[in-house]
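Annotated features, as they stand in TrEMBL:
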- 357-372: compositional bias 'Basic and acidic residues' (COMPBIAS)
- 136-327: domain 'Inositolphosphotransferase Aur1/Ipt1' (DOMAIN)
- 338-374: region 'Disordered' (REGION)
- 16-36: transmembrane segment (TRANSMEM)
- 56-74: transmembrane segment (TRANSMEM)
- 100-120: transmembrane segment (TRANSMEM)
- 170-188: transmembrane segment (TRANSMEM)
- 195-216: transmembrane segment (TRANSMEM)
- 257-278: transmembrane segment (TRANSMEM)
- 290-309: transmembrane segment (TRANSMEM)
- 315-333: transmembrane segment (TRANSMEM)
Amino acid sequence: MGGARTSTLTGVYRRAYVLLIGVAATMAILTVVTALSLGRSVVDPEGFLGPGWLRFPLLVGLALLADLVPRALWHSRMRLSQVPDLVKARWREHWTRERFTLVALGIGCFYVTYACYRNLKSFLPFVLGEKKYDTELHALDKILFLGNDPSAVLHTIFGFSWFEQSISTIYLWYLPLVPVLVAVWTIWSRNISFGYWFVTSQVIAWTLGTATYYMLPALGPKFAFPWLYADLDTGASQLADSLFYSRTNVLWGDGDGLQSTAAFASLHTAITLLWALMVQYTIRSRIVHWVFWANFGLTIIATLYFGWHYVADDVAGAMIAVVAFYVGGVASGQKFERRGFSSHPTTTTSRVPLGPDGRDADVRVETDEERAPSASRLNLSRLFRRFRRRADRPAAPTGD
């Protein structure tokens, strides 16, 4: 019985290993070959925590501390003498070899894929020249909006200062959330296979997004038709100006840095939809579901409102997300049910056995009461009762 379980575990993870390493290696080879053929250097993309080689190890270190220290302080009720024992217990329970493999392999392959994506995106104008499809994509937008420009329609409907600033903030917090959520899912996923599902889907999405940039090159309405967005003054608009100057510097200046202007397909749409799908399928909280689906919907509005993307870009981005989500799920051992509207993992760590029906014994089946609309409401009294029960629980012995 144990041997069969180990075989299933290894077989499923081997698919995820091959996909992660294969995608990262392919992107790395394409990046190096393209850079050599163009006579350009490969650049490490900068982020909100510094260069990538520092950013991702730093995120892992911070997440490790956030997992061990606050949890130990909470369970010890601030009795510092108990903290070391609780930290050691958490380390033995959670930070297994399987977890470390997921964290190292997942974050490493994601970083390689993301860095290559940024470089291949920057090489785009040097590979394809000046051919762009902005005119055709903009014409399609006007057909879909009955002769009107989508931005003009959205500016008329949502043209309030507070709304502009709100969706600008939502659009911008995507940037730090990209590495943060990779760290969160690899480190804290309640099932190891969910972590592989998340990070595998991510590398597929970024890779497919890179391919679509080369399939249908376009700048985006903000850059191709700037007069339509001249009156907007938000953080998203300032970011667009910064990207314009970066592109100008790369194309006609000293060439340092990366240019990051490309429209088709929208990876803002792809990645935020992928987040929402992962939350829907792997997290039980209805409130968290609402937050991420709202984030996805408002991000789509922001892409059109600020002129980052055309409608076709958003449609293509959504298709990328669905493909990446499904392929990543299959590679990580997820079993899709109800025509894909639900799933359950068919594999887990050796510490959580599979049930007789093939389901993960750690995954609780939702009851009829939990499916009711009232279950999605925030029940403050129930949360308070849970907190009181935890507070009344006797403290663990110190062993002193």
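Cβ coordinates come from backbone N, Cα and C, glycine included.
In TrEMBL, annotation is done automatically, which means it is predicted and not curated.
Fewer than three CB pairs closer than 8 A are found between the transmembrane segment (290-309) and the transmembrane segment (16-36), and contact between the two stretches is not assigned (pairs 6 or more residues apart). Between the transmembrane segment (100-120) and the listed ranges 16-36, 56-74, 170-188, 195-216, 315-333, the one holding the most Cβ pairs under 8 Å is 16-36. Here the transmembrane segment (56-74) has long-range neighbours at 49-50, 82-83, 86-87, 90-91, 94-95, 103, 107-108, 110-111, 179-180, 183-184, 187-188, meaning same-chain residues at least 6 beyond its ends whose C-beta is under 8 angstroms from one of its own. Listed as Cβ neighbours of the transmembrane segment (195-216) (distance under 8 Å, sequence separation of 6 or more from its ends, same chain) are residues 13, 16, 19-20, 23-24, 26-27, 102, 106-107, 109-110, 113-114, 116-117, 120-121, 124, 127-128, 133, 137, 181-182, 185-187, 189, 262, 264-265, 267, 270-271, 274, 278, 282, 316-317, 320-321, 323-325, 327-329, 331-334. Here the transmembrane segment (170-188) has long-range neighbours at 47-49, 55-56, 59-60, 63-64, 67, 99, 102-103, 106-107, 110, 114, 194-195, 198-199, 202, 235-236, 239, 268, 271-272, 275, 278, 295, 298-299, 302-303, 306, 308, meaning same-chain residues at least 6 beyond its ends whose C-beta is under 8 angstroms from one of its own.
Counting only same-chain residues 6+ beyond the ends of the transmembrane segment (16-36), those with a CB under 8 A from a CB of the stretch are 42, 105-106, 108-110, 112-113, 115-117, 119-120, 123, 127, 196, 199-200, 203-204, 207, 210, 327-328, 331-333.
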